[in-house]
Each structure stands twice: as C-alpha cells, then as structure tokens.
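Undergrad: Per TrEMBL, transmembrane segment is recorded for A:6-25, A:37-58, A:64-84, A:96-115, A:135-161, A:192-214, A:220-238, A:245-265, A:271-289.
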Amino acid sequence: MDLSAINPVLLIASLMVAATPLLLAAIGELVVEKSGVLNLGVEGMMITGAIAGFATAVESGSPLLGFVAAAIAGAALSILFAILTQFAQANQVASGLSLTLFGLGLSALLGQSYVGVKPPRMGDIHIPQLSDLPVVGPILFGHDIILYFGIALTAAVWWVLKYSRIGLVLRAVGENHDAAHALGYKVLKIRLMAIMFGGACAGLGGAYISLIRVPQWTEGMTAGIGWIALALVVFSSWKPWRALLGAYLFGGVTVVQLNLQAAGVAIPVEYLAMSPYLITIIVLVILSADKSSAPASLGRNFHASR
Amino acid sequence: MKLTNLLTSAAVALGLAAGAAWAQDKTKVGFVYVGPVGDGGWTYEHDQGRKAVEAEFGDQVETVYVENVAEGPDAERVMTQMALEGADLIFTTSFGYMDPTINVAKKFPNVKFEHATGYKRAGNVSTYSARFYEGRAVQGTIAGHMTESNVVGYIGSYPIPEVIRGINSAYIHAKKVNPDVTFKVVWAFTWFDPAKEADAAKVLIEQGADVILQHTDSTAPQAAAQAAGNVITFGQASDMAEYAPKPRVSSIIDNWAPYYIARTKAVIDGTWESVDTWDGIGPGMVGIGEISDAVPAHVKEAALAIKASIADGSYHPFTGPLKKQDGSDWLAEGEVADDGTLAGMNFYVEGLEGDIPQ
C-alpha cells in the first residue's frame, strides 16, 4: 500500500472531469421533470449528442462547434419525444425507453466512419498566475470551458427555478397542469421548451464524453451514464445543487476507488467498484429526507379538453 | 460393437442425406457479442471473423449477430432466440457466456455451439481460445525495456484466469529484462466502458506509470496516454494502429477468421465435432502488431526474438523457475506449466503486489 502515490490535487481535478457529463445530463432532466414530464431517453440523447458533437468537431476542427452541434442534436431528438408524448399523447415511459434505443442505434449508424478517428483537442483554460497557483490552480482554474459551463448552468437553473417568473410558471405546470392551463399558461409549449432544454443538456453531456473525457468515438460509449443521471434527479429531490453534489460524489468515488486500487489498498475490489453507486445513493437518500416530493404532475399527459 | 458401428453408419448416412437436403438451404451462423462491433477491440475482431466467413462462403451461409449482450440471463435469451430462428452454429464470444451457452446447448442438441475462452464443453459445445499470454510475453518484454519510471500500469477487466494469466506473463517478461519493474493493477470490472477505462489509465499515469497495458476492449487508454504525453500503450485485441507510432508501440491481435471459416466449413460438411482449441502465435490465432519506430532497435530485436521462439515452440512463456506470490514453489527450473494449470490460473507469480479480487 502506498497512499502517498495518490495526489489529492490531481484527484479532485479529475473527479470534476468525471462528474461533468453526469451533471449536465442530470440538470437537463431536472428541468424536464420539474415541468411534469418524465423523459427516460436521456441515455439515447446523450449518445446522439456524443456522435453529433464528435463528427462536427472532427469535420470542422472546432470542439466548441462540436458542443453546439451536440446540443442541437440532443434537442432535435427530444422533439421526437415531445411530439409523441405531448401531441400524440403517447405513454411517457415507453416513449422515453424507445428514445434511448433509437438514439443508441442512430448513433451507431452515424458513427460508423468515425471509429478510430481522433478529435481535435479542446484546450484547457489557462489563466496566467491563477492557473499556476499550487493546489487551487489545477482544481479551480485548469479545466476546459464546458466544465465551468456545467457549474454555471447549475447555478442558473437553480436561480431561474427559485426566483424567476418563468421558473414559477414551469413549476406550476409541473405541479398541476390543469390549474396552470386554467390560469392561461401554455402547458404544452412550456413542456416542449423544457424537453428541448433537457435534450440539449444531455447532448452536451454526451459530447463531453466523446470530446473531452475519453476522447474518441466508440459505440455505446455513454455506458449507462444517462441512467445514472435519471436516478440522480430523483435522489437529489429535484434540487439543482444536490444534483451537483451527487454528480461530484459519483465522479469522485469512481476516481478515488481507481486511485486506491492503483495504490494497492487491500479493500475487496467489488466493494470499491460498487462504492460510487452506493455512497451517492446513501448520501442523497439522507438528504432527500426533507420530504420535498416529486412534481405532482410528473409523468402525466396533459390534454386541454380534460 | 457391430451394432454401434451399424448405428453410427446409419446415423452418418442419415446425416449425409439430411446434409444433401440441407445443402439447398443456407447454413445459418450466429454470433453473440459482448460489446458493440465498433469497439475497435475484442468484438470488432470477432466481427471481422464473421465477415470473413461471409466472404469465404458467400451465398452458402447466412450470418446473424447480436451485439452488446450482457453476460447473464440476457445472453441465454439471445442464444435461445438465435437457435429458435434456425441457426446451425452459434459462436458465443465472451467468458461470461459459458454457463448460458451450456444451458441453451442442452435444449438444442442439433445446434452446434462454440464458446470462446471458456472451459465447459458438451457434445454440441466446443470451446476455443487464443493463447494471448504468448502475446503478453512479447509486450512485457517491450514494457520492461521501455519503462523509465519502472512502474507499469495494467488495466484488468475481471479477475478470471484469462486476465490473470496475461498479467503474470507480462510481469514475468518485464521483470526478466528489468529487475526493478513494478506493476500496478487496476480492475475495471467491465470489458467495455471507455469513460472508466480512460479514468483508469489517467489514474495509473498520475501514479507514475509510463507504460499502460490493458485487458479491456476500447481504445480509451490509448487516447488518455496520448494526452499525457510520454506514455506508451499496446493495442489490445485489435491493432489499434491509429495510435501508432506512439503511444501504441505494438499490439496483440486476435485473428479468429481462419477458425471461424474452418468451423463453419465443418458444419456445412457435416464433420463438426466438439473440440477444445487453444492456439497461439505459432498457428497465427494470436498476432503481434507491428512494433513501431518509437521502440529502439535492440528492444524490437529482443521482442521479435521472443516472438519467434514462442512461435517455433522452443520457448514457453511460463517456464520455471517460478514461484507463486506467497513464495511457494510453482515451477522448477526448466519445468513448463501445463495447460490445465494455465486454464484455471487464479494466483499471481512472485513479485506482483496486491491481491486478486476473489
């Protein structure tokens, strides 16, 4: 055992990277669920974003353009879900699941010619002096711009949901769509926007995996992160900062357990392998004891005639 | 005796008649994959084998495959489905499919099954695997020469004999050329999860490894090594040449095509029998990808010498004297490990640190 081999600064810096795709997807889904829609297609939208972002970045040479394309692709795929559930009144659970399957297949098809291609690298932000600070530098000032965007997005979503008028309307729609409709709010329009926002975020999360965290394209590379994001939303009691905490916990424990293994710590590896799931769930379950419940209209379809 | 002879020839005659009748029909060959065909590693190479079967027999065969099949009950469902849909021969290409394959094979005695890397056989179940540890001996030699930090990182998938054998083989040969070398082993508990593999590679690099060996299927560790700079890697299962000449300096390549073609032909001809195949560098089931220019000439020479001596059978990667991790004797001077021990290997050799998860 050689714990001194673990560099805590590098560890924290890399757990932030590991957490970002999860955070982006979870924040998007959180907004969707706050509006009363349950979209189980996060994994499908993520993987579609991963290939769309990857392909665009390779063709254009610009990773940033790749992220834009990923957001658009994720949102576009989510429109399919919106049409099915909001206008055709299809079952949300079934539609979401099929969206995942569709996304996995579509991305494999689109990605055929991109296997083994190397994407252009997204540079880390380098702020003179600040980035060179010991300890704080690599943790706070040495990352790529999307990672900061994820944190900023969390703050923005929190603020909008809590303090802005649009957030209030969104929550009203999610809690009681009939009442919101009676008050004159356009339930379907608001839900459509929320679904698209969720799709765009999931797409960004997917592209973060294919362009920064891994970076390459392989089929099925999101490997279940979309599902973890879904669980994270529930366990975080639909609160943005808790979703951030959960994402960092998950990413953190994943990276820590790999570090412990490499350092030769003699804990049975199966425990280490399941620890990210376990610890994240335990902490969030404890936090969610504050009785804040799911949006009341979650998963229920709305039709103005009823 | 006579009766059995009679019965056998009757059975053969029937089989031939049936074969003739079937000849009009296509032979259907199924493949069950653990990862996506585009993983660039393990499943990719099996799928190349499938394509080779199609190219070889053309209209005589029809191939089907299912990718991303989880090891467990799901695998059983997929195999049953394939058998029900008329597959004559089914290749199940991951260790975890062993029990499901045996279970399904019992239900479909007329369907031939081929399980990769397992050790359970039946009348209609063959097993086949490649001696990857021979390739790992070559890689270990290169790794031992090339490491400057004397720390070699190893990303293991599951603690099964196949993977443990690879770790031991790589370690023994790295140690031979570099007595100071140490191995850091990280278990990913997945065959294919690029994000986790990338994290594992980064962790190993952060902890001082400048050579990364992997027994997982994606090219994510290569990408991580490239980003880190002065780190070398080896292609696993596929050549992964897109990362050459550096970080990927050589590779172990699985070449299943000749085997798949031979076995499909046996089914078409009606000569299929349950066999246990375990071929290595010699017969070409294990290939060594080109050693790139990033490797100095004398290291390349040493690696190729090992490869040649394994190929012609004059050298076995597990040759004594070797001790187990706990210090007990395993192989005496000049003694060679038998296949039974290798197939069930569940211990580290002396010098490796850490425990194998049980």
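Any Cβ shown, glycine's included, is placed from N, Cα and C.
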Undergrad: For the transmembrane segment (A:96-115), name the stretch out of A:37-58, A:135-161, A:220-238, A:271-289 with the most CB-CB pairs under 8 Å.
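TA: Comparing A:37-58, A:135-161, A:220-238, A:271-289 against the transmembrane segment (A:96-115), the winner is A:37-58.
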Undergrad: When you scan the chain for residues with a C-beta under 8 Å from the transmembrane segment (A:220-238), skipping those not six or more beyond its ends, what do you find?
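TA: Contacts of the transmembrane segment (A:220-238) (Cβ under 8 Å, skipping residues fewer than 6 from its ends): 21-22, 25-26, 29-30, 33-34, 40, 42-47, 50, 100, 104, 108, 202, 205-206, 209-210, 214, 245-247, 250, 277, 280-281, 284-285, 287-288, 290, 292-295.
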Undergrad: When you scan the chain for residues with a C-beta under 8 Å from the transmembrane segment (A:37-58), skipping those not six or more beyond its ends, what do you find?
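TA: For the transmembrane segment (A:37-58), the list is 21, 25, 28-29, 65-74, 77-78, 81, 85-86, 92-93, 95-104, 106-107, 110-111, 114, 117, 119-120, 191, 194-195, 198-199, 202-207, 209-211, 217, 220-222, 224-227, 229-230, 298-299.
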